[in-house]
Amino acid sequence: TLIIFVSLPLDTNNRNFLSFEHLFHNHDHLKNFNSCLQLISIVMATSNGSCLKVPDIHDNTTIGGGVQDVYGEDRATEDQSVTPWNVSVASGYALLRDPHFNKGLAFTEKERDAHYLRGLLPPTVICQETQVNKMIQNIRQYEVPLQKYIAMMDLQERNERLFYRLLIDHVEELLPIVYTPTVGEACQKYGSIFMRPQGLYISLKEKGRILEVLRNWPEKNVQVIVVTDGERILGLGDLGCHGMGIPVGKLSLYTALGGVRPSSCLPITIDVGTNNEKLLGEELYIGLKHRRATGQEYAELIDEFMTAAKQNYGEKLLIQFEDFANHNAFDLLERYRSTHLVFNDDIQGTASVVLAGIVSALNLVGGNLGDHRFLFFGAGEAGTGIASLIALEISKRTNSPLDEVRKNIWLVDSKGLIVSSRKESLQHFKKPWAHEHEPVEKLVDAVNQIKPTVLIGTSGHGKTFTQEVVEAMASNNEKPIILALSNPTTQSECTAEEAYNWTKGRAIFASGSPFPSVEYDGKVFMPGQSNNAYIFPGFGLGLIMSGTIRVHDDLLLAASEALASQVTQEHYDKGLIYPPFTNIRKISANIAALVAAKAYELGLATRLPQPKNMLNFAESCMYTPTYRNYR
């Protein structure tokens, strides 16, 4: 074993310690120094001769339910410097190409000397705030949303902290760019805009070697994986490997909105082929060009992935299933919820955010939750997931059996109203919603016969809440609650303008994708957005910071309660049932605190001792993308 002790005093220009790359440059017998770095115990001598041990790599301090402080950032206060470690000290040209540490023109004069940046940057020094102002002006110059998306993804690959600072400071403007609706178009055109890989691609070619593939990822302290197989991307169908835009976008929001450290996030696409004939014949398609694997071959690949992920990253790894087709989504959630920390945003996240909106809407329409009658157009993951959580909440509030509560919740699928006479042919997740009633094929007839107070669209088909349907809702209710939740905007069941005009301004409306304000009869209505981004970032943070090992339905109810509590009278006066996204980090902190508290109450949390002030602890765990000073 070779142990080298090196004395590196500060020079007269206070340029800090020389890097080892420069110290041993051109010495043949030390050409492989970097490859031996992990075998060497290094002691640096300060200018006064006292020894300083470098702690950043070896310290095992953790925060936030097990986040290892690899870079020494959590222990350092804002005015203290940190070392930009990346196996070795990043410096020079390599530092400018490392998105984790690159600050562009914000490197100070001292940092430019210490890290060999002289001449590699123009001489001016600007602050992060100026960089943010410059970038938002640049992005606003693009007229096409997809161009803005490409610019944002390019920034994320160049300067990670500036990307998140920009997204946080302009969240309402940029959220529709990095997430729905623009991310849908990005996925459709992913092959043509693909520049560099983001995340991991696990295909059938890697079967039997998935653990090895996971170990290829450079970050070793992953706490959140968002994974898709690309079979049901938003309302756009099977996009195969091009669905990677969804995990990348979701994890950007985990960091920006929920404060989960970006190094803890891993987007993954599992590629088993695609049944999209257009993609199979497309030259620029980046995935496997054959039809989808199914059955045992598919199940074995997923099972190997789930086992390898848990083995590599531990029991408290959160795995979020995203945009799996109905026939797999329910089965995967049921199969792994008792053995892994898993969460399906399409089923559970959507349900939680919609329940919060309905609870908020009660302040505008009056009555109790159990007094209302619900009709869903769409009986897939989202529809049945929302229905189940609403039923659970009503059951808890009224102490009524679930079977009794479900009688006020009706679903319409592609074949019409789900009724008892269809039960034998129904998929298993639809059967609890099959009630005694004569068959009804058309949605408008279902509205007229069931007379719902709440109409919820999760069909993935645009323009299905026709004028006839909306006017029927208005004729049965003084203030009809209409939620057109399908994404992206083109798939929304109706627009905000249509909902307000056809109900003569009486609708309480929210949608999955954003719509502009609407003026009707001299009054301006602000349509709400029932966006999952309200829930999953804070929900994930709550699980991580408490070290929760399983997701319980009561945690979803806690998240709904926390979100609904953030709606104020000022918001109600504008017709809003969700708070504005400008306060999203505060909202996420409150959701995380309540979810974590419920996890401790249920005995699912492993981080001990339990924090005394959960909200303060949640806020302290949140990543902030302010530039750090480098030694």
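Cβ from N, Cα, C; glycine included.
Remember, TrEMBL labels are computer predictions, not curated facts.
The active site, proton donor annotation in TrEMBL covers Tyr179. Among the features that TrEMBL reports, active site, proton acceptor is placed at Lys250. According to TrEMBL, the feature (S)-malate binding site maps to Arg232, Asn487, Asn531. Annotation source TrEMBL lists divalent metal cation binding site at Glu322, Asp323, Asp346. Residues or ranges marked as domain 'Malic enzyme N-terminal' in TrEMBL: 156-337. As annotated by TrEMBL, domain 'Malic enzyme NAD-binding' applies to 347-600.
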List of residues, in chain order, with Cβ under 8 A from that of Lys250 (active site, proton acceptor) and at least 6 apart: Tyr179, Val226, Pro267, Gln320, Glu322, Asp345, Phe536
Neighbour-count leader, CB within 10 A, binding-site residues: Glu322, Asp323: Glu322
Position of peak Cβ density within 10 Å, selected from the binding-site residues Asn487, Asn531: Asn531
PLDDT averaged over the residues of the domain 'Malic enzyme N-terminal' (156-337): 96
Cβ-based neighbourhood (8 Å from the centroid) of the divalent metal cation site, residues Glu322, Asp323, Asp346 excluded: Thr228, Arg232, Ile233, Ile246, Phe321, Phe324, Ala329, Asn344, Asp345, Glu381
Other C-beta atoms that fall within 10 angstroms of the C-beta of Asp346 (divalent metal cation binding site): 23
List of residues, in chain order, with Cβ under 8 A from that of Arg232 ((S)-malate binding site) and at least 6 apart: Asp238, Asp323, Phe324, Ala325, Asn326, Ala329
Alpha-carbon spacing, Asn531 ((S)-malate binding site) to Asp346 (divalent metal cation binding site), which is rounded to whole Å: 11
Rounded Cα-Cα span from Asn487 ((S)-malate binding site) to Asp346 (divalent metal cation binding site), Å: 11
Other CB atoms within 10 A, centred on Tyr179 (active site, proton donor): 25
